[in-house]
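> Please read through the structure below; I'll follow up with questions.
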Amino acid sequence: MMPKHCFLGFLISFFLTGVAGTQSTHESLKPQRVQFQSRNFHNILQWQPGRALTGNSSVYFVQYKIMFSCSMKSSHQKPSGCWQHISCNFPGCRTLAKYGQRQWKNKEDCWGTQELSCDLTSETSDIQEPYYGRVRAASAGSYSEWSMTPRFTPWWETKIDPPVMNITQVNGSLLVILHAPNLPYRYQKEKNVSIEDYYELLYRVFIINNSLEKEQKVYEGAHRAVEIEALTPHSSYCVVAEIYQPMLDRRSQRSEERCVEIP
């Protein structure tokens, strides 16, 4: 017969081994590289499977929360130390009643999803406020711990697309019309909201003389209509543009080249 102290030691060892094994399993299920990817305020939460997961053997659960660094004095007052960022009447704005919200909320469309991403654009539309997202995985009846994103503030972190260009030839010159990217919000009259409503933007226009293989910046400013003059007849030119955000010292990628022949 096994002595009592040996049997007790066996039970303790068995229990600790089981706990360690369970913790190891949970850790290996935990989603990796959980982060927001944002373009033009389309805010997508993305992640990678845990080390133990392959294929479609698991499902994921997504939560999010907004973190305001202020507190409400009363339900009728603006939070102390806070300020209203934007005065507008389209769905991208939130009322002051939203200030102070800190609870994790389920994203119903991504609750039990097999995808590795979740669109949180609508849930993160207070663009100057910080957010967090988190994801947990489940497989074969086991659940991982939550894996959380770094702090995400859309206004600071979204990347904007290059401008859309329309080019028209006018008496040997080129008239370039630039359009800033639209956002996923709309005004009440169904008018698209532009990135210009949120940032000071400068447009940069470059022209390339194909015969000389030489690029020249011909414009930098806030106007969206740019005329390029003094072009050489019977020559080929290409035009590209980008957007620069002075406050963030950040620029977009360049647009696709648009090429024309000057008669």
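Glycine is no exception: its Cβ is also placed from the backbone N, Cα and C atoms.
Note that the structure is a prediction, hence the values are computed from the model and not measured.
If you look up Swiss-Prot, you'll see C110-C118, C238-C259 marked as disulfide bond. The annotation domain 'Fibronectin type-III 2' is assigned in Swiss-Prot to 100-161. Annotated domain 'Fibronectin type-III 3' per Swiss-Prot: 162-263, in sequence order. Per Swiss-Prot, N-linked glycosylation site is recorded for N56, N166, N171, N192, N209. Here Swiss-Prot flags 1-21 as signal peptide. Residues annotated as site 'Critical for IL22-binding' in Swiss-Prot: Y99, R151.
Describe each of these features in terms of where it is and what it packs against.
Under DSSP, C110 (disulfide bond) is assigned to a strand (E or B) in the three-state scheme. When Cβ atoms from all protein chains are considered, those within 10 Å of C110 (disulfide bond) total 21, not counting its own.
Applying an 8 A CB threshold to same-chain residues 6+ apart, the list for C259 (disulfide bond) reads N210, S236, Y237, C238, V239.
Across the range of the domain 'Fibronectin type-III 2' (100-161), the DSSP-based residue counts are 7 helix, 27 strand, 28 coil.
According to DSSP, N166 (N-linked glycosylation site) sits within a strand segment. The Cβ of N166 (N-linked glycosylation site) has 11 other Cβ atoms within 10 Å, all protein chains considered.
Within the same chain, no residue at least 6 positions away in sequence has its Cβ under 8 Å from that of N171 (N-linked glycosylation site).
Sequence-distant contacts of N192 (N-linked glycosylation site), defined as residues of its own chain at least six apart whose C-beta falls under 8 angstroms from its C-beta, comprise N182, L183, R186.
Under the three-state DSSP scheme, N209 (N-linked glycosylation site) falls in the strand class.
For R151 (site 'Critical for IL22-binding'), the same-chain residues that are 6 or more apart in sequence and have a Cβ closer than 8 Å to its Cβ are M67, P130, Y131, Y132.
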> Could you tell me which of these disulfide-bonded residues, C118, C238, has the greatest number of Cβ atoms within 10 Å of its own Cβ?
C118
> How many Å lie between the Cα of N209 (N-linked glycosylation site) and the Cα of C110 (disulfide bond)?
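It is 50 Å, counting Cα to Cα.
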> Please give the average pLDDT for the domain 'Fibronectin type-III 3' (162-263) in this predicted model.
93
